[in-house]
Amino acid sequence: MDFAYSPKVQELRERVTAFMETHVYPAEAVFERQVAEGDRWQPTAIMEELKAKAKAEGLWNLFLPESELGAGLSNTEYAPLAEIMGSSLIGPEPFNCAAPDTGNMEVLVRYGSEAQKQQWLVPLLSGEIRSAFAMTEPGVASSDATNMEASAVRQGDEWLINGRKWWTSGACDPRCKVMIFMGLTDPDAPRHQQHSMILVPMDAPGVKVLRPLPVFGYDDAPHGHAEVLFDNVRVPYENVLLGEGRGFEIAQGRLGPGRIHHCMRSIGMAERALKLMCERAIGRSAFGKPLARLGGNIDHIADSRMEINMARLLTLNAAYMMDTVGNKIAASEIAQIKVVAPNVALRVIDRAIQIHGGAGVSNDFPLAYWYAMQRTLRLADGPDEVHRAAVGKFEIGKYMSREAMKASR
Ligand SMILES: Cc1cc2nc3c(=O)[nH]c(=O)nc-3n(C[C@H](O)[C@H](O)[C@H](O)COP(=O)(O)OP(=O)(O)OC[C@H]3O[C@@H](n4cnc5c(N)ncnc54)[C@H](O)[C@@H]3O)c2cc1C
């Protein structure tokens, strides 16, 4: 494994870091203020300014491996950039590298028809619109995607869509113009061919955003996480992606790179929390000593450094495997990082909160909000337990035949 930065990646790292320091970190307070003023569910002027600046500097769509559309970077090359962007909750969007648009754009690049690309990919790539991914449902255990019940029934040259989704991230934002809806299209087909992904415009009659769901009280405006009702929604048949019954095929392709991005962003946030922890530990004293010299605080700092480094290397290893042997063979490594990175970030942020005392849980520091957002990543894109089960199964599979494994269930 070679994780050395190529000259191209090193140059991009320097430019992305400079952009974050010059424009993004100073804009965090402005963004918060603009969200708090007036309607929280309107896009902020500062974000549009940041996007224009990053685009003008050519720091745009860096996540896309296709060189004609993005920067042409491999997963291993993009990962360190995702880490730098992830050090701020508003960091990825200025570069048009924010979830869920990144995953949705990848889906459209890989599986979209020419017409679908023209209608949705082009404005997404230019940052004119945003998108959402509507899979999870309140009525069923959605960590098992085969449970999805919201239906899409073919009627002539249309789909008739009915059902209720929730945690549809981004659907509260007025810039969100399209959702990738995952629904049941053939209950009689084999288990992994029952569902399809269908493009549903937000303004299709019958689409109703019912409410934003807060996370520990944070509404994450103007992005938000929506409960959405699909009430006799009709869209053209050709809005299906890839083909009827091929939803799981797309899901497999979509999740690998998305997980690397999420994990590296978590590591970026952990790294910034460690910085805050160190600054507080040396800048504040109690009982006649800097906090760093009291109790086990220095150990907390050391543990955080070691855990961050381990998580980063594990994630880069997964990225390297995806680049060299593909998503399927790298499945265990991808599952491993999805458990490790958010848990490490949470532990580091928790220690940073502790050393800040009461300030740590206040809104004067970003730690409480970061904690809330990282906590969701132990659920979003599949809960820890599902990924642990995949890793465990892979390990046991080395010593047991497929048949013996099936028989032992
Ligand atoms: C902030 C946030 C943003 C999200 N964004 C999106 C989005 O944009 N689009 C979208 O479609 N969804 C999104 N989700 C939803 C997320 O992907 C689901 O919450 C997740 O997949 C779990 O589904 P569930 O909530 O139905 O939990 P359930 O399936 O009901 O599972 C509940 C719990 O059961 C346990 N469990 C489940 N399976 C196993 C297992 N195999 N072994 C052991 N224990 C198990 C776990 O502890 C799990 O947490 C988001 C969620 C959050 C919190």
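The backbone N, Cα and C atoms fix where each Cβ goes, and this holds for glycine too.
Taken verbatim from TrEMBL:
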DOMAIN    8-128  domain 'Acyl-CoA dehydrogenase/oxidase N-terminal'
DOMAIN    132-233  domain 'Acyl-CoA oxidase/dehydrogenase middle'
DOMAIN    245-393  domain 'Acyl-CoA dehydrogenase/oxidase C-terminal'
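Secondary structure of the domain 'Acyl-CoA dehydrogenase/oxidase N-terminal' (8-128) per DSSP (helix as H, G, I; strand as E, B; remaining residues coil): 79 helix, 0 strand, 42 coil. Taking DSSP states H, G and I as helix and E and B as strand, the domain 'Acyl-CoA dehydrogenase/oxidase C-terminal' (245-393) has 119 helix, 4 strand, 26 coil. Each residue in the domain 'Acyl-CoA oxidase/dehydrogenase middle' (132-233) has a pLDDT score, and their mean in this model is 97. The DSSP breakdown of the domain 'Acyl-CoA oxidase/dehydrogenase middle' (132-233) into helical (H, G, I), extended (E, B) and coil residues amounts to 6 helix, 53 strand, 43 coil.
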